[in-house]
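Report on one structure; see the data block that follows.
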Amino acid sequence: MASASRARPTPRPNSHPNPNPTGSSSSSGGPRARLRSHARPWLNALAWLPVIFFVDHHVVSFAAVSGRSMQPTLNPDSSKLRQDIVLLNRYKNLELTQGATRTDPKAGYQIGDVVALRSPTNPSQLLIKRLVGLPGSLVRTLPPYPERTVRIPAGHCWVEGDEKNHSKDSNTYGPIPLGLLDSRIEAILWPPSRIGAIPKSISGWEKRVMHPPGMTMGSSTTMSPESTTSTRVIGGSF
């Protein structure tokens, strides 16, 4: 027996296809997608902020040098349009605060280094001076210091500007706590004609400083593991 089944009608093509086959509303998904697209670069930048902050405060940074106290080593041209920009090595400071028992003879700040330190009277300001005496050093002072000689006590250092006539330094403040040292100046980055290592001092301070036996130019020190706060960098020497 022949049988027959009812034929299903062939669907007619839709002349107006649905532009959103998933059925979701484009008015709700579109703005969110655009918002995510615009926010992604900012979120990526925010994610890097802790890294940048750590590097700037504990590894390396740079600062513009103002003032004349380190002439001719820094800012030999008194014009404000030709200020030196220098590289600050803060990793050296990190080593000192974390490793007071280090035995590496190269660890620590060394006599003759040009250093950045927190001003004893305004800790938010960085000064740039030369480290000329460490604990135990005997320094023949300059005016206005009230005594002709001073023995640097434990936990302190003596800093001076290379241009004595335009410098407020240990001859004004006295011995400086080692905890105020912020970083060591490693190199000059600007202007292009001066890019390179920090020049050696020609100010003659070496003749006024006597060091304990075994401590000479290049001798180093370690600091007690106290925190050295770092705020923003304000390059300056005065």
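Keep in mind that glycine also has a Cβ here, set from the backbone N, Cα and C atoms.
The following features are taken from TrEMBL:
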type	residues	note
REGION	1-34	region 'Disordered'
COMPBIAS	10-20	compositional bias 'Pro residues'
COMPBIAS	21-31	compositional bias 'Low complexity'
DOMAIN	48-140	domain 'Peptidase S26'
ACT_SITE	Ser69	active site
ACT_SITE	Lys129	active site
COMPBIAS	215-231	compositional bias 'Low complexity'
REGION	215-238	region 'Disordered'
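Lys129 (active site) carries a strand DSSP state (E or B).
Here the domain 'Peptidase S26' (48-140) has a mean pLDDT of 76 out of 100. Of all Cβ atoms in the shown protein chains, 26 besides its own fall within 10 Å of the Cβ of Ser69 (active site). The two recorded residues, Lys129 (active site) and Ser69 (active site), have Cα atoms 8 Å apart. In the shown protein chains, 27 other C-beta atoms lie within 10 A of the C-beta of Lys129 (active site).
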